[in-house]
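Each remark here refers to the structure printed beneath this line.
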């Protein structure tokens, strides 16, 4: 199951296991059970600290639990955790085996203090880059607190459950049999939902912080670069972000970040955060900005208010809140989001195996999505508003070579149809004939560009007609002492490498502003 190179790497990791435990597998006579058995035998063959039993009686087969004598740990994988979930498996082995987590001590204590009964189930796909964060967070919580149980379920292997629960997006998380959430979540986000008093406590702590010399709002590539450049100047630096990594977390293959030949979004996001944490930067996650209150007079502090109820003050600000997927804005879209309307073909594509889907958008992202999906689904219809596709020629050639793809141009998507539970089709207007036409399908993947996260800034800094923050050559906004960088600004070409450079530039400009405004007259 594991090649020699992977065995060597895993053996080195398993040397960190300090407490013996057992793997209990529940198997049947299927090929997948035999495949899982091979994986588990490979694992126990690398260390004498782990033993394997194959007499498990769990209803989900193939599956396995990790059990440590003397500890009540409710952690199970249903399926074969390879692909993106192999890291989740390795971390689970280490944590059940007594290796400490890198999670902040305060968060660990908060997890340990949770009371009640929490039976979590997470449905994932092996190609989903967002799923491991959820799986790893809940696995760790299950290791730390016996009141928390978690099963990570490969939706592709348990299609009957996926169909019964009408799951059309991963990760999908259930708590005690009810829908808990969808999409990427970390430990702190999960805690915020189950520990109802945490939000108020965190807001108080946030507001109590001293003012920063530079406060970066946003934790994507631009925000990370800005924080590093500021911290290296020896000034008090903070980063307040809804999620560190930003939109990079939702990006699959990255092959144009100079000096890194190939990587994946979550991996790059982790590297960015590790680099920032190397310096004295106060990182405040799960903070979504709600209002900017600029300083009224020179020498006063700017204030940023957050949806959590907390606020922060700073001498200078760098706004790097990035952008999000643009939605179609048509009837039915919100109702059927995550019920057939999706934005991540890598994550959710496997759930539509053998089904019919549409991709909305004929740029590079739309055409790449259609190409990826064509290898999984029965049929792909790509709809483009313009009279021609806008993707690179090499991508278009690949697209048109696929037998199960239809391209419709001059098409305005006008409605998402459904049966109250899931998507059943869409309606589009032929812009040439003005005729409305219907397509029967099960999934819609929206790939029509980005929308800047600037709603909270209206009435403060100057915005372009597209809602982007207008900046000058130094990254400064229309308000002195407030700078901006990355996809949220008017700087053209929304690329990671450009965002990093713009973040560094904005930070240098902010430092220059601090020097000039604090210099004695």
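First residue shown is number 1, and so on along the chain.
Yeah, the Cβs are placed from backbone N, Cα and C, and that goes for glycine too.
Source: prediction; values computed, not measured.
Among the features that Swiss-Prot reports, FAD binding site is placed at 213-228, 477-487. Among the features that Swiss-Prot reports, disulfide bond is placed at 344-347, with the record citing similarity to another entry. Feature annotation from Swiss-Prot assigns NAD(+) binding site to 356-370.
Overlay of Swiss-Prot annotations on the structure.
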| residue | record | Cβ within 10 Å |
| --- | --- | --- |
| 213 | FAD binding site | 19 |
| 221 | FAD binding site | 30 |
| 356 | NAD(+) binding site | 17 |
| 358 | NAD(+) binding site | 27 |
| 362 | NAD(+) binding site | 27 |
| 366 | NAD(+) binding site | 26 |
| 370 | NAD(+) binding site | 30 |
| 477 | FAD binding site | 25 |
| 481 | FAD binding site | 21 |
| 485 | FAD binding site | 34 |
Same chain, 6+ residues apart, C-beta under 8 Å of the C-beta of residue 347 (disulfide bond), given in sequence order: 125, 127, 128, 129, 130, 131, 169, 170, 171
Alpha-carbon spacing, residue 217 (FAD binding site) to residue 344 (disulfide bond), which is rounded to whole Å: 25
Residue among binding-site residues 213, 225, 477, 481, 485 with Cα closest to the Cα of residue 356 (NAD(+) binding site): 485
Residue among binding-site residues 213, 221, 481, 485 with Cα closest to the Cα of residue 368 (NAD(+) binding site): 221
Cα distance (Å, whole number) from residue 344 (disulfide bond) to residue 370 (NAD(+) binding site): 11
List of residues, in chain order, with Cβ under 8 A from that of residue 360 (NAD(+) binding site) and at least 6 apart: 328, 366, 383, 413, 444, 445, 446, 447, 448
Per-residue Cβ crowding (10 Å cut-off), top of binding-site residues 217, 368: 217
Same-chain residues at least 6 apart in sequence whose Cβ lies under 8 Å from residue 344 (disulfide bond): 128, 130, 250, 445
Integer Å distance between the CA atoms belonging to residue 364 (NAD(+) binding site) and residue 481 (FAD binding site): 37
CB within-chain contacts under 8 A for residue 364 (NAD(+) binding site), separation at least 6: 390, 391, 392, 395
Close in space, distant in sequence - residue 225 (FAD binding site), Cβ under 8 Å, 6 or more apart: 485, 499, 500, 501, 502, 503, 504, 507
Secondary-structure category, per DSSP, in which residue 370 (NAD(+) binding site) falls: helix
Distance, residue 362 (NAD(+) binding site) to residue 213 (FAD binding site) (CA atoms, angstrom): 44
In three-state DSSP terms, the structure that residue 347 (disulfide bond) belongs to: helix
